[in-house]
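J.: Dropping a structure here in structure tokens format, bear with me for questions.
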């Protein structure tokens with residue numbers, strides 16, 4: 001070996017020594033993985049021979065002058081030993097069991113772009129035919145991932161393309177069903193000698209595993225390679241289904257007439273529940289549809305396990321060219337699913353105007369009904385597809401057709417808030433007072449769901465704002481119950497009767513109180529609704545609010561001056577009695593603050609304390625509140641007077657609260673509810689203040705307070 005060559009080896013030795021030391025350190029520390037294994041394998045290939053040649057030259061003594069004293073034969077031997085150590089550790093890692101029988105290659109197969117690393121692992125001793133506990137080989141794992149470089153590396157290393165797993169699957173079927181199917185993966189397996197393509201059928205039984213084959217030219221060529229290898233036409237049928245793409249008429253015509261019959265039999269037998277025609281129609285592959293219809297006589301009216309035909313599948317997916325091809329082939333447009341849904345229903349629901357037109361021209365029943373009585377027009381209206389609605393109306397569809405719930409296309413559009421469709425139906429003369437099974441009109445439905453533009457459109461179209469449903473509720477009732485404040489205002493602005501009564505004598509205010517919609521309660525009170533209105537049982541809004549437990553509504557009603565001594569129609573229910581019987585500490589406390597009489601007797605001569613429910617929580621707290629009511633009232637009076645005295649000298653200062661018993665906090669409640677009145681409120685305050693001064697003087701003389 002000449003001196004120049006040896007000098008190059010020495011320079012490379014000095015440069016690579018650090019790499020070897022680094023890799024040995026990592027491996028000794030337990031580091032593993034695809035890339036470090038590959039680097040060790042590369043170092044072995046690159047350095048082992050060079051180091052051995054250098055060592056041989058050094059031992060001959062020919063170039064010792066090129067090294068310093070510390071870079072002699074001993075260190076070179078040490079470096080070679082370290083490299084051998086790295087290779088030994090790496091070999092152990094690529095051949096050991098990582099759990100479940102999985103080897104290094106099983107794990108490496110799932111990483112993208114690891115073909116070279118897999119080759120390195122195989123060079124270090126990894127077995128490309130190793131199987132895990134499920135009998136899966138690295139090749140099957142790689143094909144499931146669709147990694148062509150890994151597949152090719154494994155096959156080149158001797159992996160068996162026909163080796164089966166525990167379910168008797170091979171690599172080819174897995175390569176065919178993987179979603180990101182790379183034609184090169186299939187090609188690599190085929191070139192390696194994979195056979196028995198009928199196995200594809202097993203892998204494809206679930207519809208969810210249908211391949212999404214590449215549509216480029218390379219993928220198309222792969223289709224042809226698969227087809228050319230099909231041993232029987234049953235295989236061909238599965239492969240056609242697998243490829244799921246447009247296959248030209250020439251490909252189909254390559255088979256004999258006898259073979260065509262065999263193919264058709266394979267397509268529609270019991271093992272193939274979704275034949276290629278249905279699959280092609282679903283995916284919109286018009287070329288394959290025409291080929292199957294023209295050359296193979298595929299059953300154009302085939303119904304799958306849910307009763308859908310190829311026409312229905314194409315209509316549902318919006319594939320107009322496929323629909324036209326099927327219509328040209330003479331499919332039966334009257335066939336329906338197991339739920340009596342037709343292709344026209346499906347197209348209308350998806351808003352496919354072109355398909356709707358094509359179906360109508362082919363004689364599809366424009367008013368066909370499904371099992372629930374819904375027509376295609378109702379489907380389109382509920383989904384808001386205006387062009388389809390117009391097409392169906394132009395085709396003579398019945399705009400007053402009702403389903404089993406009594407809904408019409410107009411009510412369907414209103415419920416879903418599709419204003420353009422609502423306007424189109426109203427302009428077309430739809431019955432704006434049509435009632436469903438519970439007597440709701442379209443306007444009532446709009447107020448219930450709160451679609452203000454639809455409400456306004458209905459009112460502008462002349463809808464009856466005082467129409468009543470089966471229990472006497474008007475649209476205003478529906479809006480108040482749902483709490484749609486803008487709709488409530490719109491109805492009131494248009495003159496809706498705020499004192500209308502339903503079949504139970506309730507007014508809209510009573511309805512709003514029952515459900516606790518405070519903003520709606522405020523609006524109705526501001527608009528002059530009767531706060532003392534009684535239902536058929538004599539209950540006022542205040543009684544309703546207490547029974548329903550809506551404390552903010554109770555506060556608001558008390559602040560507006562509601563009668564807190566009111567009794568029900570049979571004089572049995574008094575507000576404080578009701579609150580006490582419910583063990584409601586908050587309501588009892590609030591009513592006492594507003595001057596409710598804790599000594600009042602009901603029809604049976606009982607006080608509120610007599611009605612406390614001992615079996616319910618907080619009964620002791622309610623009883624204590626009622627027992628301390630006189631003393632608390634006295635303290636409130638004194639506290640109120642002190643407040644008046646402290647604020648009187650301040651110009652423009654705010655006064656105390658009005659009401660019998662000096663209700664504290666009433667001013668804040670009145671502000672919350674939208675306090676009503678200006679000068680009148682101030683005059684009332686002044687009058688009450690004078691009365692409180694006199695009352696306080698009497699109180700001080702009697703009890704010697706202060």
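From the backbone N, Cα and C atoms, a Cβ is placed for every residue, glycine too.
Copying in the features that TrEMBL gives for the protein in this structure:
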REPEAT    134-166  repeat 'ANK'
REPEAT    306-338  repeat 'ANK'
REPEAT    339-371  repeat 'ANK'
REPEAT    372-404  repeat 'ANK'
REPEAT    405-437  repeat 'ANK'
REPEAT    438-470  repeat 'ANK'
REPEAT    471-503  repeat 'ANK'
REPEAT    504-536  repeat 'ANK'
REPEAT    537-569  repeat 'ANK'
REPEAT    571-603  repeat 'ANK'
REGION    651-672  region 'Disordered'
COMPBIAS  652-664  compositional bias 'Gly residues'
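Could you give the neighbours, burial and distances for every feature on this list?
T.: Secondary structure of the repeat 'ANK' (306-338) per DSSP, as helix, strand and coil residue counts: 17 helix, 1 strand, 15 coil.
Within the chain, the repeat 'ANK' (339-371) has long-range Cβ neighbours (under 8 A, six or more residues past its boundaries) at 307, 309, 311-312, 314-318, 320, 323-324, 327, 333, 377, 379-380, 383, 385, 387-388, 391-392, 395-398, 401, 403.
Shown for the repeat 'ANK' (372-404): DSSP residue counts in helix, strand and coil, namely 17 helix, 0 strand, 16 coil.
Using a Cβ-Cβ cut-off under 8 Å and counting only residues 6 or more beyond its ends in the same chain, the repeat 'ANK' (405-437) has close neighbours at 372-373, 375, 377-378, 380-386, 389-390, 393, 399, 443, 445-446, 449, 451, 453-454, 457-458, 461-464, 467, 469.
Mean pLDDT of the predicted structure over the repeat 'ANK' (438-470): 92.
Long-range Cβ contacts of the repeat 'ANK' (471-503) within its own chain (Cβ-Cβ under 8 Å, at least 6 residues beyond either end) map to 439-441, 443-444, 446-450, 452, 455-456, 459, 465, 509, 511-512, 515, 517, 519-520, 523-524, 527-530, 533, 535.
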J.: Do any residues, 6 or more residues outside the repeat 'ANK' (504-536), come within under 8 Å Cβ-to-Cβ of it, and if so which ones?
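T.: Non-local partners: 471-474, 476-477, 480-481, 483, 485, 488-489, 492, 498, 542, 544-545, 548, 550, 552-553, 556-557, 560-563, 566, 569, 673-674, 676.
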J.: Let me spell it out: take the repeat 'ANK' (306-338), skip the flanking residues so only those 6+ beyond its ends count, and list any with a Cβ under 8 Å from a Cβ in it.
T.: 277-278, 280-286, 289-290, 293, 300, 344, 346-347, 350, 352, 354-355, 358-359, 362-365, 368, 370
J.: Hey, which bits of the same chain come close to the repeat 'ANK' (438-470), Cβ under 8 Å, at least six residues off its ends?
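T.: Distant contacts of the repeat 'ANK' (438-470): 408, 410-411, 414-415, 417, 419, 422-423, 426, 432, 476, 478-479, 481-482, 484, 486-487, 490-491, 494-497, 500, 502.
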